[in-house]
Amino acid sequence: MKIGIDKIGFYAPHLYVDMIELAEKRGVDPDKFTIGIGQDKMAVAPITQDAVTMAANAASDILDDADKQAIDFVIFGTETGVDSSKSAAVYVHELLGLNPYARAIEVKQACYGATAGIQMAKAHIAMNTDSKVLVLGSDIARYGLHTSGEATQGAGAVALLISADPHIMALEDQSVYFTADVMDFWRPVYSDKAFADGKLSNEQYIAFFSKVWEQYKAKSGLGFEDFEAMTFHLPYTKMGKKALNPVLDETTEDVQERLKSNYQISTGYNRNVGNIYTGSLYLSLLSLLEQKDDLQASARIGMFSYGSGAVGEFFTGILQNDYRNYLCIKQHSALFASRREVTVEEYEAIFEETLPTDGARVELDVKNDPAEICLAGVTAHKRQYVNKSNG
Ligand code: HMG
């Protein structure tokens, strides 16, 4: 039985800062951000968006009533959740009106959480063939103003509907995963900003890719020539290239050219959104599928997931017949077209805005946020969400 990705939804907040403007304000050569790091725009989450609302907005676009009845498992990968006890999945389950006979959990391992969710979903569907699983990856990446990580921030969510006989991609069974205790990036519970050892994190990412790729080749007997494209977790768009290029010389020049060119296409959306942590690999997959219109069904796509700390996994999928008919290309290009640029000063003010932590009541102005699902306020330490389409 084939199991895999039936639908993919994506959401990014309606605000962004231009990386050239940010570079100028920080006294940095703009080429460092646009070429050295490979980012053009960075999504900025207003206070009315958090991991919950972004995930719910990404999913609400793709689910019909039959999906909402069939989903019996919601798995929410995030490292910027809103509660240490209650899972973000429970909020999304309510906001979307899903079947109450469902499991709803949150999964954490830095940017790897949604990949863990997909593998759990696959096992669940193998045992419950009529069910569907909603896997969410949603995060706001924050390192702090004037930090070296600042240019690699971002915000957004990806929603994946996992089912039997999927319309977009069947996941193959061969998969290689690797864990090692590394302090390359972390966020202590008392901090709302991540800490990173930038150089170590780059080195570990590259080393993890090399380890899982070597093991994958040994296990599967496949090599680069068997792949139409390789997609990567993209903390910034140059990162995947730094891992891929050093090992590409094991294949022919034609294959190298194909993989390099498809890598470039797979970075398109990420270049304009920034790091969205758990959703980042799937945003890259979406860029490839939606922006390369001659990608053939039956093509094999490689996916490298990396979550600092660290866990890495390489796994693969095969594109299904007519997969393009099941993508939301028009909605996603409308989402990008409708975003609004903010100045660096506005971005800084949004970055510093916080919610009360003393139980005070606050009502937020959701009229200024065009998203369907927003955070409307906080009352007695409880977040109040609104789905505007429910009236
Ligand atoms: P930095 O110190 O600001 O930058 O840190 P740099 O000096 O290393 O320069 C970056 C690149 O720009 C270099 O290219 C420079 O040569 C180039 P490279 O050598 O890497 O190919 N450059 C220029 N290019 C053109 N024109 C110029 C110019 N100047 C310099 N004028 C860093 C950059 C990414 C490390 C920093 O932003 C950071 O710490 N970010 C956060 C950590 C991170 O993203 N790590 C990536 C791997 S870990 C990961 O992916 C997991 C993660 O997503 C978290 C999770 O799992 O939850 C982060």
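If you go along the chain as it appears here, the first residue is 1 and each next one adds 1.
Note that Cβ sites are derived from N, Cα and C of the backbone, with glycine treated the same way.
Please treat TrEMBL annotations as automatic predictions, because they have not gone through curation.
Positions annotated as domain 'Hydroxymethylglutaryl-coenzyme A synthase N-terminal' by TrEMBL: 2-165. Residues annotated as (3S)-3-hydroxy-3-methylglutaryl-CoA binding site in TrEMBL: Asp29, Tyr143, Lys242, Asn275. The feature active site, proton donor/acceptor is assigned by TrEMBL to Glu79, His233. TrEMBL lists Cys111 with the feature active site, acyl-thioester intermediate. Look at TrEMBL and you will find 178-247, 256-352 tagged as domain 'Hydroxymethylglutaryl-coenzyme A synthase C-terminal'.
Shown on the structure are the features that TrEMBL records.
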| residue | record | DSSP (3 states) |
| --- | --- | --- |
| Asp29 | (3S)-3-hydroxy-3-methylglutaryl-CoA binding site | coil |
| Glu79 | active site, proton donor/acceptor | coil |
| Cys111 | active site, acyl-thioester intermediate | strand |
| Tyr143 | (3S)-3-hydroxy-3-methylglutaryl-CoA binding site | coil |
| His233 | active site, proton donor/acceptor | coil |
| Lys242 | (3S)-3-hydroxy-3-methylglutaryl-CoA binding site | helix |
| Asn275 | (3S)-3-hydroxy-3-methylglutaryl-CoA binding site | coil |
DSSP-derived helix, strand and coil totals, residue by residue, for the domain 'Hydroxymethylglutaryl-coenzyme A synthase C-terminal' (256-352) = 52 helix, 20 strand, 25 coil
Rounded to the nearest Å - Cα separation of Asn275 ((3S)-3-hydroxy-3-methylglutaryl-CoA binding site) and Cys111 (active site, acyl-thioester intermediate) = 10
DSSP residue counts for the domain 'Hydroxymethylglutaryl-coenzyme A synthase C-terminal' (178-247), split into helix, strand and coil = 36 helix, 10 strand, 24 coil
Could you check the recorded positions His233, Lys242 and say which one's CB has the fewest neighbouring CB atoms inside 10 Å?
-> Lys242
Neighbour count (Cβ, 10 Å) for Asn275 ((3S)-3-hydroxy-3-methylglutaryl-CoA binding site) | 31
What number of additional C-beta atoms lies within 10 angstroms of the C-beta atom of the residue listed as 'active site, acyl-thioester intermediate'?
-> 31
Neighbours of His233 (active site, proton donor/acceptor) among recorded positions Asp29, Glu79, Cys111, Lys242 (C-alpha cutoff 10 angstroms), in sequence order, are Cys111
Considering the recorded positions Asp29, Glu79, which residue's Cβ sits among the greatest number of other Cβ atoms within 10 Å?
-> Glu79
